[in-house]
Amino acid sequence: MTNYAIILAAGKGTRMTSDLPKVLHKVSGLTMLEHVFRSVKAINPEKAVTVIGHKSEMVRAVLADQSAFVHQTEQLGTGHAVMMAETQLEGLEGHTLVIAGDTPLITGESLKSLIDFHVNHKNVATILTATAPDPFGYGRIVRNKDGEVIKIVEQKDANEYEQQLKEINTGTYVFDNKRLFEALKCITTNNAQGEYYLTDVVAIFRANKEKVGAYILRDFNESLGVNDRVALATAETVMRQRITQKHMVNGVTFHNPETVYIESDVTIAPDVLIEGNVTLKGRTHIGSGTVLTNGTYIVDSEIGDNCVVTNSMIESSVLAAGVTVGPYAHLRPGTTLDREVHIGNFVEVKGSHIGEKTKAGHLTYIGNAQVGSSVNVGAGTITVNYDGQNKYETVVGDHAFIGSNSTLIAPLEIGDNALTAAGSTISKTVPADSIVIGRSRQVTKEGYAKRLAHHPSRSK
């Protein structure tokens, strides 16, 4: 059995009120077009053809070499859009799925079931339908007394009886490929919209006594077509529920799943605990046994097993097992933390590698640094890595002790087991096993304060 797919993605999406093409609006981190294409891949199409039009280069870039593309210069209806794919598919034997690029909730499982139904019933056309609580605005499925599909009638063309029907057309179909393009040559624009309706091919097939069927979706939500921001928010809500439920089934605990945002490509191992208001984006992975507390935000990062991240932001970073972060820490892109590192409150790390069991507990900035293992970084330590034009590296050896309020001016190397005195400004290499003091000697002038204006004795 050879399958093909046509994805309709040419429309502007006027009701979205956006410069961005409709199919490029995102749901749970992926564009709607990407969601649709991933589901389409479940039927293993021999060729996928995407119909593009408005801002076509932007749309093309999303799928790149995964699809063939045809251009619809004028948007003259769904039938016209499918006609554009004729140059790619005409005359080929097989079954062709036609689906809109603004239906992000459709699942690959449903599309596989649709194809199987179509083949098993030897249909020339099969319509994916759903039972709508409120069918207004949808094309209705009209059946005869034997349950066979007679036609699809659009809302503006439906009579009073047809408007009462609950079974609606989702806009997704499977056709015998050859017959599809033969029938498209016979449709006209004689309707209320003055467009080429793809649905008119159903009447053509029926007139030829060819078999047309309908496969009803189990979940009406899958049929949602996104035409405005309200529908986009609905799709986001449904997708978020699917994602959190999938992770719960796989052994993840959520304290308040309704407040958690997890994107589609995030992976989470079993026995992870996620509190409320956590955001996980991009290609993030969370290792087994890790705890993410309220307010944590992680994007494109790998978090190892048995870590604890407390109300912190992590971007494009890698954390090994047993790392603790936060509260209120910020790991910026290029950060790597080895096993059992502790990054405490109000610590920022960027573009740095920190060795195992090193601790930076408070109020510290580590940028463009290589820090060894079992290092203590005292409160208030700052790596001075930028001179206004270039970034420079700081290297700290194993078991070094960086005293509180140290200023490390890069480029700089501090050797193994070295110690910097609190309050020091260090700008030259510190050899291993050395103590360095880089501050002014304390001077105390007894009784001198009485001569200053702030002293209580001066106010008399």
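Even glycines carry a Cβ here, placed using N, Cα and C.
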- Query: Can you pick which of Ala329, Ala360, Ala422 Swiss-Prot lists for the same acetyl-CoA site as Ala379, Asn385, Tyr386, Ser404, Arg439?
  - Reply: Ala422
- Minimum Cβ neighbour count within 10 Å among the binding-site residues Gly77, Gly139: which residue? Gly77
- Message: Quick check for the class: what is the C-alpha distance, in angstrom and rounded, between Gly139 (UDP-N-acetyl-alpha-D-glucosamine binding site) and Asn227 (Mg(2+) binding site)?
- Response: 15
- Query: Do any residues of this chain, six or more beyond the ends of the region 'Linker' (230-250), have a C-beta under 8 angstroms from a C-beta of it, and if so which?
  - Reply: 16, 25, 27-28, 32, 104-105, 221, 224, 257, 260-264, 266, 268, 270
- Which of the binding-site residues Leu8, Ala10, Asp102, Tyr365 has its Cα closest in space to the Cα of Arg439 (acetyl-CoA binding site)? Tyr365
- Task: Rounded to the nearest Å, what's the C-alpha distance separating Asp102 (Mg(2+) binding site) and Ala422 (acetyl-CoA binding site)? Just drop the number here, would you?
- Result: 60
